[in-house]
Amino acid sequence: MLSTALIVILLSIGYIIFTIDKKQENFPVPVVLLLIGIALSFIPYFSDVQVTGDIIYNIFLPGLLFTSAYRFSTKALRKNAGIIGALSTIGIILTAGLMGVVIYYVGGLFFSISFIGALLVASILTPTDPVSVIAILKKAAPDKTIADIVDGESMINDGTSIVLFSVISGMYINHQSFNIWSFLGEFSYVSIGGAGLGVVVGWLLSKAVHYTHHRDYQVMLSIIIAYGSFQLAENLGFSGVLATVAAGIMLSWEFTHTNKEDHYSEALSGFWDVVEPTLLSLLFLLIGIVATDYLTSAHWGLAVVIFIATIVIRFLVVSGTMQFFSGWRKVVNWKKAFLISWSGIRGSMSVFLLLSLSAMNDSNVDNLISLAFPVVIISLVVQSIGIYPLSKWMGDK
């Protein structure tokens with residue numbers, strides 16, 4: 001259970017870490033919070049903490065996704081729309097397929113795993129969560145375009161990953177074979193429906209902002225946009241993730257096309273600039289606390305191999321995607337492609353999918369979780385710590 005006292009303690013820890021972050025440049029806050037959470041799990045007071053996938057999905061993700069979306073520059077989105085769209089759709093499907101093959105053959109050397117099971121692990125490891133590296137990329141990367149691509153891709157591929165996971169997990173539990181047409185049909189319905197609904201809700205509510213000039217009420221409206229679009233889409237069978245992202249982008253578009261409500265943009269930033277570190281503090285500390293139960297039975301050697309494979313495969317997909325269009329090759333060379341690949345950190349969305357998998361009534365999921373969870377932890381720690389020196393090295397070349 002998440003008691004009031006527990007939340008206050010975790011927020012106090014988060015406050016201390018974020019305060020240090022303001023003093024230390026390029027300080028990987030989420031990683032530090034994660035490691036502190038793991039340490040806290042050995043203290044009896046925290047040992048009974050339980051976090052469900054629903055808590056992460058319905059409380060943490062909408063707020064964090066909305067914050068990223070409404071801050072995202074529509075100019076940067078237009079400039080890099082093709083690259084972001086390709087990487088977050090076709091790119092993520094290719095990545096999952098290639099990772100599934102590697103996991104099937106390499107994992108099969110250690111324990112029995114079906115190809116659908118391998119694809120299921122791959123679908124858990126495909127979403128990216130660059131929250132710990134975006135600020136560093138904007139400061140240290142040789143080109144701001146890299147941060148824009150990484151951030152934009154992450155917002156959209158979260159929705160793609162959930163659809164991929166939903167289809168493959170259904171096949172895994174029901175012992176069905178993979179059907180590409182079934183996947184494409186469901187993917188199109190869920191993703192297009194979610195994005196379309198988010199655009200409509202975001203447009204309507206961004207216009208409604210102008211009907212009141214009270215900042216407090218306008219900020220309330222932003223909460224409705226973030227969580228309302230998410231819940232409405234989910235209840236209609238669409239992607240809540242894509243709905244929230246689309247609604248946030250519509251609000252960003254409204255900011256760039258009107259100066260009627262400049263004070264609203266300032267009030268919005270003032271509110272969500274507090275909400276974001278609050279949610280991040282709780283989220284990564286809780287992930288660290290619950291991770292211990294899954295890491296004690298982890299296949300660490302295999303996890304390291306899979307982690308290296310994820311970096312290599314993502315680099316091949318990113319660089320390969322760039323080769324199809326001459327314009328993209330000019331924007332993203334192989335060094336930038338590698339930096340984009342390294343920035344594809346596994347995080348909160350992967351943990352949500354893992355917790356969803358653990359809730360399934362199937363005796364075979366334990367092996368899959370013991371394989372995927374350590375890969376997520378390794379990714380969070382190694383890639384977050386390595387992003388600054390890698391960015392500086394790339395910039396010096």
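The backbone N, Cα and C atoms fix where each Cβ goes, glycine too.
What you see is a predicted model, and the numbers here were worked out from it, not measured in a lab.
Summarising the annotation, TrEMBL assigns domain 'Cation/H+ exchanger transmembrane' to 11-393.
Same-chain residues lying 6+ beyond the ends of the transmembrane segment (5-20) with a Cβ under 8 Å from its Cβ atoms: 27, 29, 32-33, 36, 46, 49, 277-278, 280-282, 285-286. The feature transmembrane segment is assigned by TrEMBL to 5-20 (among others).
The annotation transmembrane segment is assigned in TrEMBL to 27-43 (among others). Long-range neighbours of the transmembrane segment (27-43) within the same chain, counting only residues 6 or more positions beyond its ends whose Cβ lies under 8 Å from a Cβ of the stretch, are 13-14, 17-18, 20-21, 49, 131-133, 136, 280-281, 284-293, 295, 347, 377, 380-381, 384-385, 387.
Counting only same-chain residues 6+ beyond the ends of the transmembrane segment (55-72), those with a CB under 8 A from a CB of the stretch are 2, 131, 148, 151-152, 154-155, 158, 222, 225-227, 230-231, 240-241, 244-249, 251-252, 255, 268, 272, 275-276, 279-280, 282-283, 348-349, 351-352, 355. Feature annotation from TrEMBL assigns transmembrane segment to 55-72 (among others).
For 84-107 (among others), the entry in TrEMBL reads transmembrane segment.
The transmembrane segment annotation in TrEMBL covers 113-137 (among others).
Under the heading transmembrane segment, TrEMBL lists 187-205 (among others). Outside the transmembrane segment (187-205), and at least 6 residues removed from its termini, the chain residues within Cβ reach (under 8 Å) are 159-160, 163-164, 166-167, 221, 224-225, 228-229, 232-233, 236-251.
The list of residues near the transmembrane segment (239-256) in space but at least 6 beyond its ends in sequence, with Cβ under 8 angstroms from a Cβ of it, reads 61-62, 65-75, 77, 155-156, 158-159, 162-163, 190-191, 193-199, 201-203, 205-207, 209, 222, 225-227, 229-233, 265. The transmembrane segment feature in TrEMBL is assigned to 239-256 (among others).
If you look up TrEMBL, you'll see 268-291 (among others) marked as transmembrane segment.
Residues 87, 91, 94-95, 98-99, 102-103, 106-107, 110-111, 125, 337-338, 341-342, 344, 346, 366, 370-371, 373-375, 378-379, 382 of the same chain, all 6+ positions outside the transmembrane segment (297-317), place their C-beta atoms under 8 angstroms from a C-beta of that stretch. The transmembrane segment annotation in TrEMBL covers 297-317 (among others).
Long-range contacts of the transmembrane segment (337-357) within its own chain (CB-CB distance under 8 A, at least 6 residues past either end) are made by residues 30, 51-53, 56-57, 60-61, 64, 120, 123-125, 127-133, 137, 141, 146, 149-150, 153-154, 158, 161-162, 165, 169, 283-284, 287, 290, 294, 310-311, 314-315, 318-319, 322, 365, 368-369, 372-373, 375-376, 379-380, 383-384, 386-387, 390-391, 394. Annotated transmembrane segment per TrEMBL: 337-357 (among others), in sequence order.
Annotated transmembrane segment per TrEMBL: 369-390 (among others), in sequence order.
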Message = Counting Cβ pairs closer than 8 Å, which of 84-107, 113-137, 268-291 has the most of them with the transmembrane segment (369-390)?
response = 113-137
